[in-house]
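> Let me give you the structure first, and then I'll get to my questions.
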Amino acid sequence: MKYTEEHEWLVTEGDIVTVGITKHAAEQLGDVVFVELPEVGTEITKDEEVVVIESVKAASDILAPLDGEIVEVNDAIVDAPSKVNDDPEGEAWFFKVKPSDLSPMDDYMDEAAYKDFIG
Amino acid sequence: MSALRQTPLHALHVELGAKMVDFAGYDMPVQYPMGIMGEHSHCREKAGLFDVSHMGQVILRAGDYETVAAAFESLIPMDVLGLGEGRQRYGFFTNDAGGIEDDLMFANRGDHLFVVVNAACKEADIARMTAALEPGVTVTPVTDRALLALQGPAAEAALATLLPEVADMRFMDVADVVWEGETLWISRSGYTGEDGFEISVPAAKADPLARALLADDRVAPIGLGARDSLRLEAGLCLYGHDIDTSTRPYEAALGWALQKARRADGARAGGYPGADHVFADRAALSRKRVGLRPEGRAPMREGVDLFAGADGGDPIGKITSGGFGPTVGGPVAMGYVPAELAEPGTKIFGALRGKRLPLTVTTLPFVAANFKR
């Protein structure tokens, strides 16, 4: 598993990367009440806003970690946003992307580096 | 930057694991480990304890109640003289344009008035009252007492365990009740839409009183986050957001707070700052605060521009408070719209992230009040 400074986690399986937010991010957000995901087939560009997530406190954006095409989204968290608090690093993944360029993956943090990052 | 002020319950908040934030210059709990959603629901289902000690408590005296009440009527559009002993009312200070300078609660405590004002406005309020009312009236800020609120359907049972006499109080009653040798000033009121009490307690007794209440399984501490979602569902205004110096009482849908004696045709009409502007609104209103239910699940928050149509046109108003209503189970908001669009059921639009999403004008409150009248 890799981690971004935006508190996303990324898991690579074959040529698909699954993206979600970390437990730390979910705790910081507080109770999640709304998630808006991109549509399957959308071409995304690294660092553009791809997901809107709102907690009882505030709205946040999630930035695309890679260039590529969205191949699957997790509608279950749109229907039940509280899953993001319950199981952020498991059941409540956000989307799967087929990257056109995997090279940014090398720059993302491993678990030890992410733990240092969040202190 | 000056250091944040602390209430007498600060150490307790930290001990309870609260996340602390700067609110009106005070280091206050925004939430406890239960979280905003859990705290909100706990307060609606059982009872919640709030620290509102940052608010301003002020005593006004002028010999007898009639004298101080008559003087206070020069600053607020409420019937102060007609308020019975041991009773409380909602009110607000107005400015020369009829705008609202702050909202407040005032109580007839026999020979004096007890006023509670917002934390962010308290210095200005005290200065306003002092300038306008002294020397005939003595304005005394109460700085040696904390203020707690206990709110929710189990509030009466929980407080009556310590103080059985509170069970006899009705909504908006005030009473002195002695606890462990100290006199508490209690009102049956609050800011959640639930039954409950606000308790003014000597600072040294605030921590033991809070702990005694929290020892009851039904009572949980509630932070400012849930306080905001609870008052929003109850349709109650937050000063500086839903009402401010540019909003007048009838625009703010607060006409109910102006009793008959002070209206244009009343026995003591006007006589407060901006009365003519307030009277003009009663005859013909140009805009009004309304409840708004966004369709779908996306919360629409303060500052979202409102439009009459799905595209084109200039904004018709703004959302002044909005978010997710845990008891409603969806987004709720309040805002100002032109009077002709204020009818419940009217569909308007809010601009969210570049899209116009529909909202329906709704009666307030979103969650029915649960007062013990």
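The backbone N, Cα and C atoms fix where each Cβ goes, glycine too.
Checked TrEMBL, it gives:
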DOMAIN    B:9-260  domain 'GCVT N-terminal'
BINDING   B:GLU198  substrate binding site
DOMAIN    B:287-367  domain 'Aminomethyltransferase C-terminal'
> Just to confirm: which same-chain residues, 6+ apart in sequence, have a Cβ under 8 Å from the Cβ of B:GLU198 (substrate binding site)?
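Same-chain residues close to B:GLU198 (substrate binding site) (Cβ under 8 Å, separated by 6 or more) are B:VAL52, B:MET105, B:VAL116, B:LEU147, B:LEU148, B:ALA149, B:ILE186, B:SER187, B:SER189, B:GLY190.
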> Averaged over the domain 'Aminomethyltransferase C-terminal' (B:287-367), what pLDDT does the prediction give?
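The average pLDDT of the model in the domain 'Aminomethyltransferase C-terminal' (B:287-367) works out to 97.
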> Counting by DSSP, what is the helix, strand and coil composition of the domain 'Aminomethyltransferase C-terminal' (B:287-367)?
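Secondary-structure composition of the domain 'Aminomethyltransferase C-terminal' (B:287-367): 3 helix, 43 strand, 35 coil.
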